[in-house]
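What TrEMBL says about this one:
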- A:D390: active site, 4-aspartylphosphate intermediate (ACT_SITE)
- A:D390, A:T392, A:D843, A:D847: Mg(2+) binding site (BINDING)
- A:14-80: domain 'P-type ATPase N-terminal' (DOMAIN)
- A:869-1122: domain 'P-type ATPase C-terminal' (DOMAIN)
- A:74-92: transmembrane segment (TRANSMEM)
- A:274-296: transmembrane segment (TRANSMEM)
- A:316-342: transmembrane segment (TRANSMEM)
- A:900-921: transmembrane segment (TRANSMEM)
- A:933-953: transmembrane segment (TRANSMEM)
- A:983-1002: transmembrane segment (TRANSMEM)
- A:1022-1040: transmembrane segment (TRANSMEM)
- A:1052-1075: transmembrane segment (TRANSMEM)
- A:1095-1116: transmembrane segment (TRANSMEM)
Amino acid sequence: MFKEKPHPEEERKVRANDREYNEKFQYANNCIMTSKYNIITFLPVNLFEQFQEVANTYFLFLLILQLIPQISSLSWFTTIVPLVLVLSITAVKDATDDYFRHKSDNQVNNRQSQVLINGMLQKEKWMNVRVGDIIKLENNQFVAADLLLLSSSEPHGLCYIETAELDGETNMKVRQSLSVTSELGDPNNLAQFDGEVICEPPNNKLDRFCGTLYWRESKYGLSNQNMLLRGCVLRNTESCYGLVIFAGPDTKLMQNSGRTKFKRTSIDRLMNTLVLWIFGFLVCMGVILAIGNAVWEKEVGSLFQSYLPWDPPVDNFLFSAFLAFWSYVIILNTVVPISLYVSVEVIRLGHSYFINWDRRMFCQRRNTPAEARTTTLNEELGQVEYIFSDKTGTLTQNIMTFNKCSINGHAYGEVIDTLGAQSKRGQRLDFSFNPLADSDFCFFDQSLLESVKLGETLVHEFFRLLSLCHTVMSEEKSEGELVYKAQSPDEGALVTAARNFGFVFRSRTPSTVTVQELGRPVTYTLLAILDFNNIRKRMSVIVRNPEGKIRLYCKGADTLLFERLHPCNHDLMNVTSDHLNEYAGDGLRTLALAYRDLSEQQWEDWAEQHRSAERATDCREDRLAAVYEEIEQDMMLLGATAIEDKLQEGVPETIAILSLANIKIWVLTGDKQETAVNIGYSCKMLTDDMSEVFVINGHTVQSVREDLRRARERMMESARSRDGGKEEEMEGWVEGCSLANGFSGGGGRGADWQRQQENKQQNPVPPPLPPSTLLDSISGDFALVISGHSLAHALEADMEQEFLDTACACKAVICCRVTPLQKALVVELVKKHKKAVTLAIGDGANDVSMIKSAHIGVGISGQEGIQAVLASDYSFSQFRFLQRLLLVHGRWSYLRMCRFLCYFFYKNFAFTMVHFWFGFFCGFSAQTVYDQYFITLYNIVYTSLPVLAMGIFDQDVPEQRSLEYPKLYEPGQLNLLFNKREFFICIAQGIYTSVVLFFVPYGVLSQAARNDGIPLADYQTFAVTVATSLVIVVSVQISLDTGYWTAINHFFVWGSLGAYFTILFTMHSNILFSIFPNQFCFAGSAQNTLVQPVVWMTIALATVICIVPVLAFRFLKLDLKPQLSDTVRYTQLVRQKKRKPGGRGGRGASGGAGGLGGGAMGRLGRTGSRRSGYAFAHQEGFGELITSGKNMRLSSLALATFASRHSASWIDTLRKKKQAAQPGGGESSPATAPLSTSSSLLGPQDPATEEAANTPLGPACSSAVTPTLARSPGADSTGGWAISLGAVQVRVYRGKCFASLTPYLVLVDTQ
Amino acid sequence: MMASSYNAKEEDGHLSGTPGPGVVGADTSKKPDNTAFKQQRLPAWQPILTAGTVLPAFFAIGVIFIPIGIGLYVTSNNIREFEIDYTGLEASSPCFNCSQSYSWNNTKPCTCSVSFTLDQAFEGNVFMYYGLSNFYQNHRRYVKSRDDRQLNGDTSALKDPSKECEPYRKNVKPIAPCGAIANSLFNDTLALYISSNGTQIEIPLSKKGIAWWTDKHVKFRNPGGNNSNLAPVFKDTTKPVNWAKPVYELDTDPENNGFINEDFIVWMRTAALPTFRKLYRIIQKKGMTPTLPRGNYTLLITYNYPVHSFEGRKRMILSTISWMGGKNPFLGIAYITVGSVCFFLGVVLFIIHHKYGNRGNSSDIPS
């Protein structure tokens, strides 16, 4: 970090096995250092950093001012005590953080790796690995640095890595060494290797590497395909050798991990602005008082000199005024107390702990609690307006389950009765008859199993197809313990289904597939795989069964498959089609299955064509497609499958609640449009009630703009038809809009105003509205689906405003096929133009950019890699926890922080401004009203803890209420609780209090005498009276502000008062005075003052005068314009009172039910007419890999015996075979090997599907989905919520209800 | 505060699938404890402002404050207080001559006498105050210009007063008592005579008990303990510039001499406001007769203290005392006012609540 590089590296030259040569370049070694300090540098560096904070420097400046005797109006310790306290708290925190960083650095740096030194493999610590070293990696080891793969134990120099740490993808990736180096098998040869790599300088691009290897007078191009990056894990590869190219801080992992952008909350920014204003205010006050001082010194002070001469350097009133200014700056500085920042940090830390401790955000299954990774953003969680969510792994579990199927017109798996409200799911099917069954698989329809057992041919054929037509790999670790490695989870689900129903796919070779059919092993000869791609949307296999019959099995999207069926399937097709519609309506992903018998002749002919197409050099793809097309004709329909892309638990409910809380949810996914839309439906983002779902799918700027415009027009139309009054303006605008492409919108509209407009939507809107506001006022349910390539155009500068306006008018926005960068751009766009708080949630590395650019980033932990979590500010393992994070924790945090700030500014103004008023009576001499110890301790002892307790523990309504009434979230979004207006109110209240606190004692004490005749108007009595009144008034005020009095609050409030009096009497005691007479000159004041009834009457009077107006205002506000939270709170109170006679009856039931809130919706209540739930998260090219045998690590095989039941695993088997087989052979052309896993295919979308998705649904399928609360009138004993949820959800929530023992009663509204 | 997002520990944490040492501990549940504190379910009192609590509070304040106010007002009104300004800036004033010749070290004291009449008798102990106006005893530089160690009898501070005393710290020899406060000690003497049948009878004035007990016994002490002969103790010091006599000659009574002279102590207790009064003497009640009966009185002033220069005023105040102290109409009036306002507010809020309040119906919660 501190090393300065003379000039940035332009290219990197690395020579293998030549440390001397490489040392010339002074490349970084493999030691990483994320820590900032060591023992010696800690103090200076940390102090330096801390004094970079403006606040700290400011207080240092004050401290210096106080050392000048002519200015010093306060003793130096009034500033230094808090300052030292603050600095040391921060320093301790920094030190602990750094200590842990040191520890983790050490741990990583001391990992062992095997380095080839002088031809010998030696153990070295990671930190000692140098650029140019060759290191050996073994299976399951972390890659120590960025390596160029030289050779591997596997054929063709292949090796497999898992890049979860790096990019979050859990699937394995293949890396391959150059063929020249892969031949250098053993260490001896490698030790001789002296190639030189010249490549790009260190950078953070994970998917790109560009370099050249010079060896033996030849040049070899290097790409990312040859690289193993630090952070990856070697898998399924015995060992490999690599040349270190980048080490330590230069590795792509470290380059990527740079410093995270320091996020600040809007409250932070507001606070900083306010603090600046307060400084301004402070200077004004100082100037006023300095002028006063000048006048006073001129008019009075100069005459008074016989009693009080000027201090030596002062020779005229102007200079005196100048000094007075600084003196007053010192005195009045407490309006910006140093403890503000510390207190804010402490409160946030407390809130973070509450998040970490929340059991309802703990995922039992993954054993992961929620984690607040940054402690600085909590209150912003209460202000979120936009959520950007990833799909896979965030909304969905990325687990596919075989849910239903239709075989030969007969639907299986339908176990929900017609009401849709209750489940009749019986037992899970018992697959114990099948020793190879996967125990995790569950299916509930007995009839399907019976059909299999009865031997219905078509049912058998159905499952046979599923067990044959796929590209899944199997691994059998031990007998019967099959593990499938599927490229797409859909396929895995289908093959697993077949497996459980008795058609067990056991193993495959490039040309055979072995299936255990109802206990009987059958080996099919695999003649061809007609691979999947995005255009074909189907895949087929052609197999020859043991009897010699050739059959083509095909599965794919129904729309495409149905066109290729034999005409005699017409009736079956209609039935199946109905079933498919039903499945699609349930949000399931469907595939249609078909087969075709081929004669030997047909096969021969086709095979010939296929071969020639394969050999073709030009348009190979097209030719192949045409050939495939030819054979996939006249097929016989078998049926259809329905796979549930399992949503994470509670996703629809969460989304429903969040949208009730006025949070807009945008899904940004890399998935295909169909999949995304499908999920949109199944998680209820899109519903059939929606007026329209716009799909924007254009490939050109023009068409995208056209689409957007059309969408807006449609929205206008609907608004117009709904609300005739606005017609004309709308029309005018629509025209204007279509003329002008992309208005450069007025970005600075406050959210408040927009909201007002929204509320006003029923009233006539004043004419000169900015167009976007008009759009905002549209209340119809619209949704927007936009694909990545359209988004690219839409995000261009001239169209972004247009896009944003359209998108923001929609209830739901789904962006599919977006790149990580686009995700970030969308977030930035909303951030920039909407001035709204955004939250991004995701789980994979592709979400990192989005998570980093949003105001708040949330990572889903415990699933894919941890990149997202590392970049995130909060992490938990289930999407549904988001509602709790926002609606409960966020809301409370915001509320608490706002209340804290209001009170904090109030109390400091009340405290400080008294000096201002006193200035007019003490000749503007900067005499303080209070004892200096009081000034020192006021902020750190007397008033800090009660407000901290409020800031940490306060609750306005109990947690389940905020889930029940999501509208409670709105004040945060509108920033109602703490804004400039509220700030001024607080300040005004503080100033009012200070006036009362000064002038009431002034009025009383100036004439009063004690009952022994001694006047009370001496300075010390006055000081004690004002200070005591102040402490009491602010304590009463905090009592009013605190809405949730826990024992801790009581302790702190009473304790602070107690501490005040204890310290007061101690400070004023005779003993302390006799030890330090000059320091404790207030000796006896407390005793003498506080025994006087007049003093207490003054205090009581001041308190009442301060509090009564506040009380009256609050009461009026509550009574006339209650906030929702007030009403809820009040209702709660009423209910509690009603409940009391009944005792604890309904308590148990209340707990988790709040979570249902608006989520009571029929999970399966919708019957859709929408088509194409087709989805197939598949990548092209695996068919080729299989048939080429490349990924099977053998090139020429004797396969006949392969299906041996005793093979432990296909890898091992093949490995054994490989020993015998000669290497080479086969068609190994690494350059063309389609191993790339990047899914950049953007095929044109199927128009039919698209249209189907566009068609709005008829009225028939109206809403069982409306997210309203169903409150049961009778209130049975288990909790009075009738929930029309699917069975699963109900069960889950019931369980929760019983489990929780929250002390709040609620729930049953008996009216 | 800046965090590096790379943390090797976390990198390790993900090794779940990797066989290797140290991947135990996964079986220990990380489930947070189910304590009321951690789950934010601490039992709590949740007060709420309702008509049922606020309105009674207002009425209660009214009901409590108004009688107290009346009581205070009546008590205050029963206190006799008499005040007379003897600054003598007007030519007609008997002290005009004295006020014109202002100098600290007049060898010949200037005296003047002011006559006045008390219309009502003063019962009980009567307290005599002197009052000063426009005198900034609360000025920052003035307030700090003292050395409490010195005044507490610390001999080292006697020799070397605190720097705070500048410029009245040393006058060749260290000044005792040092500082601007002590230097400006009020040094008029007042004597009160009652005219009875043409003869002036001096009224005995007690000078004991005019200072705080703590000041007299704790805060102020003469150096050298209870030495009745103070002159040797102060021999290395000099008197404040403006004083006529050194500190050990303030009184003849050793209990009231030196730093523990009560007049001095009273002066050293600085006033909070520029117009203030300080207790000067007490006229003890004697028997059943009024302490100061109706009649004509003469105040004899030894006029030493110049206030003319800064437009100050000097007053003499006679006052009786009640249980709650001296005359103080402000407190009573303030209590009555505040009580009435609260009561009135209570009524207004009650009306508003009944007319417009929409709280009672909880059914309007939008769900």
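Note that the numbers count up from 1, one per residue, in the order the chain is shown.
Just so it is clear, glycine is given a Cβ too, placed from its N, Cα and C backbone atoms.
It should be emphasised that the depicted structure is a prediction, and the values quoted were computed from it without experimental measurement.
Positions of the features from TrEMBL, shown on the structure.
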| residue | record | Cβ within 10 Å |
| --- | --- | --- |
| A:D390 | active site, 4-aspartylphosphate intermediate | 28 |
| A:T392 | Mg(2+) binding site | 24 |
| A:D843 | Mg(2+) binding site | 31 |
| A:D847 | Mg(2+) binding site | 35 |
Stretch-level contact, the transmembrane segment (A:316-342) and the transmembrane segment (A:933-953), CB cutoff 8 A, at least 3 pairs: yes
When counting Cβ pairs under 8 Å to the transmembrane segment (A:983-1002), the leader among A:74-92, A:900-921, A:933-953: A:900-921
Secondary structure content, the domain 'P-type ATPase N-terminal' (A:14-80) (per DSSP, counts of residues): 34 helix, 2 strand, 31 coil
Spatial separation of the residue listed as 'active site, 4-aspartylphosphate intermediate' from A:D847 (Mg(2+) binding site) - C-alpha basis, Å: 7
Overall pLDDT of the domain 'P-type ATPase C-terminal' (A:869-1122), taken as the mean: 91
Local backbone state of A:D847 (Mg(2+) binding site), from DSSP in three classes: helix
Pairwise CA distance, A:D390 (active site, 4-aspartylphosphate intermediate) versus A:D843 (Mg(2+) binding site), rounded so that it is a whole Å: 7
Where A:D390 (active site, 4-aspartylphosphate intermediate) falls in three-state DSSP terms: coil
